[in-house]
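Have a look at the structure below, then the notes.
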Amino acid sequence: MASHVDLLTELQLLEKVPTLERLRAAQKRRAQQLKKWAQYEQDLQHRKRKHERKRSTGGRRKKVSFEASVALLEASLRNDAEEVRYFLKNKVSPDLCNEDGLTALHQCCIDNFEEIVKLLLSHGANVNAKDNELWTPLHAAATCGHINLVKILVQYGADLLAVNSDGNMPYDLCEDEPTLDVIETCMAYQGITQEKINEMRVAPEQQMIADIHCMIAAGQDLDWIDAQGATLLHIAGANGYLRAAELLLDHGVRVDVKDWDGWEPLHAAAFWGQMQMAELLVSHGASLSARTSMDEMPIDLCEEEEFKVLLLELKHKHDVIMKSQLRHKSSLSRRTSSAGSRGKVVRRASLSDRTNLYRKEYEGEAILWQRSAAEDQRTSTYNGDIRETRTDQENKDPNPRLEKPVLLSEFPTKIPRGELDMPVENGLRAPVSAYQYALANGDVWKVHEVPDYSMAYGNPGVADATPPWSSYKEQSPQTLLELKRQRAAAKLLSHPFLSTHLGSSMARTGESSSEGKAPLIGGRTSPYSSNGTSVYYTVTSGDPPLLKFKAPIEEMEEKVHGCCRIS
């Protein structure tokens, strides 16, 4: 038969030929198709006959075989007592189980097959066999309320205090009243008390704690994993063994170890509904956002709504704590960054430490105040020249600057009457004071005392005056240049000729405070007198200032002598 390409080529050619030839070509192709179909049917029939001959001559063969455990469980599930007896006679163990740990006795107790139960027990089946969740046949019979099977199992020695993985005993799971009465009667007959029940409940955890202590004593790794990748903390978390988990966590086991399925201990606690265990793990750093290999978080594995609400609350609290810690770390980083990289360690001080620190600071300040007061008292009794003491770094600043210039008109001109040791006639007396000046370059100058300056030609009408240097007491820091200028001004006050002009100037300043203030001391010109004269002095020496006269000396002297009186 022609291929598809040949048919397309032939079709293009047939479009150009007459109708009669196209009809003949179509008949030819149809005959070829029928011939091909007949050949296919003949081959198919031949293959069928050949296969039938093989089946008839080959005989019957066994192709499927089952394990003994599967066959025994399947016969027990079908309640086929004869087949079960056949397997038991052929030395098949009655304790064979499937992948869930379920034995034939478990299955018969669930389905209430009393005959097979007796048959299995008579052939030595384990009456206390446990599946993967530690359920015994008595657990199954009590849960289903099969009172007849409960009696048979107790007669064969079933453990009435067997505890499953959920911590439940058979009487905890029994809801049928007659069956529960039988179990409680058997427990009372065996002398089981509440204390013994409590001991049996905590026995698995106590055994695990004892094993952990043995591992610690032997120096073994507490993060040991089993064949499924589970650690001791996984087991404690799944079973709710709080004391065992606390012991493991106290010895530094990891809370983020995953088994082969990607489960952490918190996932196991969430899946089996261990609420207190989940809180304990979260408090030790377990992540509520950890995911398994199936992309499941602990909250996704919860079945109880109450437990889900608890995990959501724990997650919210954890997020709040992490945000507060992040803000605290950022504030600490800002504080330490300003201090430079000096290798200091930032730690949080307790309330008592901060209180003691404040108390020490207050005591230090009190001592400094007491020392300064005593020094003021000592220096106030001394009358002499100004003595200047300076530190080793006084000449480090080559360009000292006046921090706060003081106007000469701001000097007070009155002295309180209580501070006068003698009546003021033609001069003013300044009291003694002592204080310190801090220089701009870090040096400290101490003025131990201020000598008494008597103005030879002072204003007799002024009753009292404040110390001329009292305005400098709060002006700090001072420079060496300023101290030299102050010393020059002090010598000016003690000069017998220049005191005349200063005395009259101070008196007028005290009388009319609304007049314009004098220029700064550090200026080039400083008018000290009211008669038109200006005082010039050098800024680097302690010599008395120079006078610049704008009028004849005789006229100035006449004005000076005219404003003074002799008493």
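Backbone N, Cα and C define each Cβ position, glycine as well.
In Swiss-Prot, the annotation phosphoserine falls on Ser350, out of Ser341, Ser350, Ser534. In summary, of the candidate residues Ser476, Ser526, the record from Swiss-Prot lists phosphoserine for Ser476, whereas the others have no such entry there. In Swiss-Prot, the feature region 'Disordered' is placed on 504-525, out of the ranges 284-305, 504-525. In the three-state DSSP reading, Ser69 (phosphoserine) counts as helix. DSSP assignment over the repeat 'ANK 2' (133-162) gives 17 helix, 0 strand, 13 coil. Annotation for Ser69 (phosphoserine): same-chain Cβ neighbours under 8 Å, separated by at least 6 residues, are Leu96, Cys97, Asn98. Outside the repeat 'ANK 2' (133-162), and at least 6 residues removed from its termini, the chain residues within Cβ reach (under 8 Å) are 101, 103, 105-106, 109-110, 112, 114, 117-118, 121, 127, 168-171, 173-176, 178-180, 182-183, 186-187, 190, 192, 196-197, 200.
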